[in-house]
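Per TrEMBL, [4Fe-4S] cluster binding site is recorded for Cys105, Cys109, Cys112. As annotated by TrEMBL, domain 'Radical SAM core' applies to 91-307. Sequence annotations record features per position, and here TrEMBL assigns N6-(pyridoxal phosphate)lysine to Lys321. The region 'Disordered' annotation in TrEMBL covers 330-349.
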Amino acid sequence: MSQSHLPYRRPAELVEAGLIDAAALAAVEQAATAFPLLLPRQLAALIDPADPADPIARQFVPQAEEMEIRPEDRADPIGDQTYSPQAGIVHRYPDRVLLTPLLTCAAHCRFCFRRTRVGDTAAAMSPAEIDAALAYIAARPEVREVVITGGDPLMLGPRRIGLLLAALAGIAHLDVVRFHTRLPVVAPDRIDAAMVAALCPPPQAGFSVWLAVQINHARELAPATAQALARLTDTGLPLLAQTVLLKGVNDSAATLEALFRALVRQRVRPYYLHHPDLAPGTGHFRPSLAEGRALMRTLRGRLSGIALPTYVLDIPGGFGKVPVGPDYWDEDSLTVTDPSGRRHSRPQG
Ligand SMILES: *Cc1c(COP(=O)(O)O)cnc(C)c1O
């Protein structure tokens, strides 16, 4: 039987497909033991095998550099475990909680900050754990927003998403339910009519549903992805984009500019540009904070405000996400720097 619809899971298949050289196979196999290869064929079809620096290949094809564990790398880079009061809940900010119904994805991003846990099918929450998580949220009126993440929560499929939203609709103090997903990019066909309908808030819900789509390069906005995003926005769901700043993928002003322009054209608001977390074996993806700040400064001079995300760092250890500049106002000299780098004095008051 033909397996041509199944995602690539074995590095040897990448050799057969002409996506890696046979000489690279041993290293790719080794990298894939730490975090398995998972690459849908439709996504792999976007890779230009003639381009050794292809931004899609770099995000999804295991690399020898992943075997390099740096002293600063950590298994739990943003302190998920520290702030998890019970299975499937991370509660770090008073007004919002993360809910992680499963830890599987349709594709494995090599830079994943949860790469030590993602892919574990046994980590899916049981119905009893889901009930306990809902009870946790229901008991805390200060929680106004539930961020459903994972893994990729859209892997739940329309039926279970519908059930989850119906259960959340019974909690009166929620303003927003937000899904964090990469499915529109890595498996756009799964954003079908049933999925779109399932994501709409049930009539009795007091909350709206937002989607935050993870996307790092304009090349990921292939026609199938653009259509998937349009199906979501046409229904009235507000869409945000989260981008990870990745060395060798999007660490240039021109690349980020093209991505952010394409997103706003597509009715998706760039929300965060994330500085990469200290996940083990991802050091080769990390630019310096100074490089990220310089890129943001350049973009501020070039791009519309609606196309500019906030550049954020999740402080290692679980201390929270904060903007990391660049700064324009200097308190000591009472000067403000314009987008082209010139300083101007502005009396306070
Ligand atoms: C990222 C994150 C959130 C959401 O943060 P926003 O700044 O609202 O996008 C919430 N809880 C935890 C634990 C997080 O890591």
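Glycine residues also receive a Cβ, built from the backbone N, Cα and C atoms like all the rest.
What TrEMBL says about a protein is an automatic prediction, not a curated fact.
Locations of recorded TrEMBL features on the structure.
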{"residue": "Cys105", "record": "[4Fe-4S] cluster binding site", "DSSP (3 states)": "coil"}
{"residue": "Cys112", "record": "[4Fe-4S] cluster binding site", "DSSP (3 states)": "coil"}
{"residue": "Lys321", "record": "N6-(pyridoxal phosphate)lysine", "DSSP (3 states)": "strand"}
Taking residues 6+ outside the region 'Disordered' (330-349), which of them lie with a CB under 8 Å of any CB in it?
297, 300-301
Other than Cys105, Cys109, Cys112, which residues of the chain come within 8 Å of the [4Fe-4S] cluster site, judged by Cβ distance to the Cβ centroid of those residues?
Ala107, His108, Arg110, Phe111, Arg114, Arg115, Val118, Asp152, Arg182
Just the recorded positions from Cys105, Cys109, Lys321 whose C-beta lies under 6 Å from any atom of ligand 1, please, or none if there are none.
Lys321
Let's see if you can do this one: DSSP helix, strand and coil counts over the region 'Disordered' (330-349), in that order.
0 helix, 7 strand, 13 coil
Inter-residue Cα distance where the pair is Lys321 (N6-(pyridoxal phosphate)lysine) and Cys112 ([4Fe-4S] cluster binding site), in Å:
17
Between the Cα atoms of Cys109 ([4Fe-4S] cluster binding site) and Lys321 (N6-(pyridoxal phosphate)lysine), what distance do you get, rounded to the nearest Å?
21
In whole Å, note down how far the CA of Lys321 (N6-(pyridoxal phosphate)lysine) lies from the CA of Cys105 ([4Fe-4S] cluster binding site).
23
With Cβ-Cβ distance below 8 Å and at least 6 positions apart along the chain, what are the contacts of Lys321 (N6-(pyridoxal phosphate)lysine)? List them in sequence order.
Tyr272, Val312, Leu313, Asp314, Ile315
Between 0 and 100, where does the mean pLDDT of the domain 'Radical SAM core' (91-307) sit?
98
Quick one: give me the count of other CB atoms within 10 A of the CB of Cys109 ([4Fe-4S] cluster binding site).
23
